[in-house]
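Working notes, structure below.
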Amino acid sequence: MKTTTYSLLALAAASKLASAHTTVQAVWINGEDQGLGNTDDGYIRSPPSNSPVTDVTSTDMTCNVNGDQAASKTLSVKAGDVVTFEWHHSDRSDSDDIIASSHKGPVQVYMAPTAKGSNGNNWVKIAEDGYHKSSDEWATDILIANKGKHNITVPDVPAGNYLFRPEIIALHEGNREGGAQFYMECVQFKVTSDGSNELPSGVSIPGVYTATDPGILFDIYNSFDSYPIPGPDVWDGSSSGSSSSGSSSAAVSSAAAAATTSAVAATTPATQAAVEVSSSAAAATTEAAAPVVSSAAPVQQATSAVTSQAQAAPTTFATSSKKSSKTACKNKTKSNSQVAAATSSVVAPAATSSVVPVVSASASASAGGVAKQYERCGGINHTGPTTCESGSVCKKWNPYYYQCVASQ
């Protein structure tokens, strides 16, 4: 890691803030698009804007602003299903930029029973990815390369309603206390299979992080060799002990981030032999990326292939039981890079796989010199429109970035 490289990124960050913000907008189940979920009749507890949460003690850390309000719909899944989260800055168009490339950081996924999770309790981490020294890549870099998509495999938990909480921590201002930006939403699911692996007691959100945690107060612009992913260990998919903060690591296939459409494999939790992602429920050929997945529990190397023809295959974070520090994933990068090969197998070492960032739409101004909602409307060096479309107001976030947000 060269200090000069990140010094340049620091300068670039201010000018790219218009592309910074992001939200989860859709979900895929076994390769099948579930449609927009951030609508009034959707299945995502969506905030009123795509702005980050920066106060780790705020109740907005649980499911974002208005996250205590239930969404209209709930998606049905079963153990072993592959769930793909799709992030965007503005919309699902091809021009959407997902998240600014300067916004380096980890991507994680938590889950909790709906009633408890809504109150900020019993959150269990099922996937994580951070920094890869061997390729000098962050999880957000991989997310961008994969068009804002990342996967988890539904663990073999008892039937019931659950919230899945994908999260991005952007560290472009992480060199100062309170500078890290948190992006998260809660997606509503009903698990229809009835597994025997109860979730651990988990952690509280807010409560799991502090503003001075090593992975939150972190300077990406100075030289470093590793990165400590914040939060608890990734659950192994079977143990019922409490999920507390500790050391862990996660491996991700950087090769899967290439814009290829090779077939990828999915493995299932221990109670199932394989997930046929190419079955009728999964549509063998999809318009978006077919997930690369590892399971929430060890399996017998059973796999199933999916063929994708359009976008890059989403990266799956194959997690493992952790004994060493949560730092660079270099020990597993080579083996996981093989995951991207067509019809390759992935055996998940006892944990749920998951995540990649969102696709943000470009912040270009709309016709007529009026900025659309979520687009930039002012700040240092801004040369675009300063007037927002009807229903939006121009809000100052910092001297460099003003954004059109919904009128209150």
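Including glycine, each Cβ sits where the backbone N, Cα and C put it.
If you look up Swiss-Prot, you'll see 1-20 marked as signal peptide.
Every protein chain shown contributes to the tally, and the Cβ of Cys186 (disulfide bond) ends up with 27 other Cβ atoms within 10 Å. Look at Swiss-Prot and you will find Cys63-Cys186 tagged as disulfide bond.
Residues annotated as N-linked glycosylation site in Swiss-Prot: Asn151 (among others).
Residue density at His172 (O2 binding site): 26 other Cβ atoms are found within 10 A of its Cβ, drawing on all protein chains shown. Taken from Swiss-Prot, the feature O2 binding site applies to His172, supported by similarity to another entry.
The N-linked glycosylation site annotation in Swiss-Prot covers Asn331 (among others).
Counted with DSSP, the domain 'CBM1' (369-405) comes out as 0 helix, 19 strand, 18 coil. Marked as domain 'CBM1' by Swiss-Prot: 369-405.
Annotation comment: Swiss-Prot describes Asn381 (among others) as N-linked glycosylation site.
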Local backbone state of His172 (O2 binding site), from DSSP in three classes: coil
Nearest of the recorded positions (Cys63, His172, Cys186) to Asn151 (N-linked glycosylation site) - Cα to Cα: Cys186
For Cys63 (disulfide bond), nearby residues of its own chain (Cβ under 8 Å, 6 or more apart in sequence): Arg45, Gly117, Ser118, Leu163, Arg165, Met184, Glu185, Cys186
Other C-beta atoms that fall within 10 angstroms of the C-beta of Asn151 (N-linked glycosylation site): 31
Cys63 (disulfide bond) - helix vs strand vs coil (DSSP): helix
PLDDT averaged over the residues of the domain 'CBM1' (369-405): 81
